[in-house]
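Peer 1: From TrEMBL, here are the annotated features:
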TRANSMEM  12-37  transmembrane segment
DOMAIN    29-219  domain 'G-protein coupled receptors family 1 profile'
TRANSMEM  49-68  transmembrane segment
TRANSMEM  88-116  transmembrane segment
TRANSMEM  137-157  transmembrane segment
TRANSMEM  201-221  transmembrane segment
REGION    334-366  region 'Disordered'
COMPBIAS  345-360  compositional bias 'Low complexity'
TRANSMEM  382-406  transmembrane segment
TRANSMEM  426-447  transmembrane segment
Amino acid sequence: MTKISPNEQLYVVMVGFIGGVISLLGLVANCLSLPVLLRKEMRVSNSTLCLIMLGVYDLVLLLIDFMTTSLDWSIFGLDPDALFLYKFTMPASVVCDPITMVLITASVYTTVILSLDRCMAVLRPLHWTGTFTRRRIKIALVVVFISALIVDAPVYFQAKLHMVYYPKFNDTLVGGKPTEYYFSWFHQEIYMKQIMPICQIIIPLILIVSSNTAIVAKLVIQKRKSNELQGRGRMFTGIQTPQRLSVSAAVSSLDSTTASTFCGDDNNILNPLSLQNTFHSGKGNISHLDMPHCRRKDMHIENKLTSSGENLSNMETITSKNLVPKTPKYITDFEHSDKLNNGSNTKTTTTDPENNTPANKPVRAKAAKTHSKSHGVDISKLTAQVVAISLITLTSRTLAAANFYIVTEEDVFYVKYCSRACGWTGALNILFVKINSSVNFLFYCFFGGKFRSVFKKTFGCFWHPRNREKSGHARNYPKANMVLRNGNLQ
């Protein structure tokens with residue numbers, strides 16, 4: 001019986017048994033996530049195209065890897081002389097290894113596209129929609145696949161199938177052996193030591209690290225600024241309110257920009273946020289010499305208000321009226337139709353027949369506000385999801401770089417004869433390739449609220465009766481508007 005070396009035992013456990021379980025779970029996870037991502041409501045975002053291609057690559061990669069690598073090492077650990085190894089898995093490895101390399105390269109660069117897309121969305125949101133359009137994303141995905149085929153083309157020619165006679169089986173089986181090209185100077189020195197590490201390790205590492213570092217740094221800065229603004233808002237509302245400001249204090253405490261806005265028109269509305277920034281920025285004592293473009297208007301307003309004998313309470317009332325922004329009026333569809341029918345400008349108050357509430361309530365405005373808020377949350381969760389996927393890919397590429405360095409230094413390409421460090425880095429590299437292809441479904445479920453809801457709709461394990469009542473309640477307003485229109489016409 002063939003003796004198993006310590007490195008081979010490590011591969012049997014890490015790649016064969018543990019890797020086989022991860023591959024099976026990853027196959028199930030990708031089979032569940034792809035139907036959800038392919039639904040119409042999920043294909044609204046351009047990033048979903050990248051996630052779909054990533055799921056296809058991962059699904060095919062896990063299937064091939066389980067049938068060759070995991071199954072090969074698992075059977076080898078149980079019986080090193082099993083006929084199944086020589087009859088099926090060894091020939092399959094010769095055929096499927098180039099396909100596996102193409103899928104790994106395409107999957108890594110698809111993750112790079114996702115990282116760059118999220119980086120542009122966070123750093124330059126105004127240029128993002130014009131740069132990463134749906135058409136350009138599709139072109140980039142096609143270019144990535146074709147480039148992966150070209151970069152990994154030499155792997156197709158490094159081994160070939162031939163008939164081998166095995167005395168212990170007393171049979172001739174199909175096996176693999178290296179070709180003459182495999183021992184050539186170009187393949188050993190140029191491709192294996194320069195082209196492959198640059199294309200599969202160095203470039204993806206640089207792009208993923210730089211883009212995700214920029215994303216995290218930008219989010220940290222935005223969070224810090226948001227906390228500072230919230231703190232200033234609490235200080236402003238707690239210490240000094242607009243109703244307590246006199247005209248002289250309001251005029252003398254403005255900076256040049258705010259003062260020009262105040263002095264440009266008698267009916268201008270003063271923005272409380274500009275006052276807030278002025279009071280807490282150290283610019284509280286700006287004289288009229290700092291504002292020559294509105295000096296006369298300042299003095300005219302102050303003299304006009306003080307010479308009439310009005311007391312400070314009237315001043316506070318005028319200032320508070322200027323400081324409070326006007327609320328825009330919301331006109332409903334049925335109110336507008338009533339004005340057209342009756343020709344009057346009087347407001348008609350109607351009630352919702354089912355809820356007994358005023359139908360003039362701005363329900364649509366609330367819905368739009370809620371939708372915009374949820375849309376922002378979805379975008380931030382998508383960014384967190386892409387960062388998590390990128391971190392797993394980054395770990396996988398780092399282990400590949402470490403394994404490549406050790407193998408190159410030792411100049412040994414067989415697991416049985418390499419060092420212990422070489423065996424550990426090689427086993428962890430293969431294991432994290434499987435993890436990288438299997439874990440995306442967990443990120444979708446954890447970060448994606450929309451993915452969870454569409455997942456429930458897709459596989460039918462949803463819709464409690466309460467949810468149906470809520471969805472029906474949300475659709476009551478158009479029906480009420482239709483009834484009111486008919487009543488007005490009669």
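A Cβ is built for glycine as well, from the same backbone N, Cα and C atoms used for every other residue.
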Peer 1: Can you tell me which recorded stretch out of 49-68, 382-406, 426-447 has the most Cβ pairs within less than 8 Å of the transmembrane segment (201-221)?
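Peer 2: Between the stretches 49-68, 382-406, 426-447, 382-406 has the largest tally.
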Peer 1: Of the stretches 12-37, 49-68, 137-157, 426-447, which racks up the most C-beta pairs under 8 Å with the transmembrane segment (382-406)?
Peer 2: 426-447
Peer 1: Per the definition of 3+ C-beta pairs under 8 A with sequence separation of 6 or more, do the transmembrane segment (12-37) and the transmembrane segment (137-157) touch?
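Peer 2: Counting Cβ pairs under 8 Å, fewer than 3, so no.
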Peer 1: Same chain only, please: residues at least 6 beyond the ends of the transmembrane segment (137-157) with a C-beta under 8 Å from a C-beta of the stretch. Say none if there are none.
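Peer 2: Hits for the transmembrane segment (137-157): 46, 49-50, 53, 97-98, 101-103, 105-106, 109-110, 113, 117, 179, 181-182, 187, 191, 195-196, 199-200.
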Peer 1: What same-chain residues lie close to the transmembrane segment (426-447): Cβ under 8 Å, and 6 or more beyond its ends?
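Peer 2: Residues 10-11, 14-15, 18-19, 22-23, 25-26, 29-30, 32-33, 36, 51, 54-55, 57-58, 61-62, 65, 69-70, 104, 107, 381-382, 384-385, 388-389, 392-393, 395-396, 399-400, 402-403, 407, 415, 418, 455 contact the transmembrane segment (426-447) from elsewhere in the chain.
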Peer 1: Just to confirm my parser: what is the rounded mean pLDDT across the domain 'G-protein coupled receptors family 1 profile' (29-219)?
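Peer 2: That region's mean pLDDT is 88.
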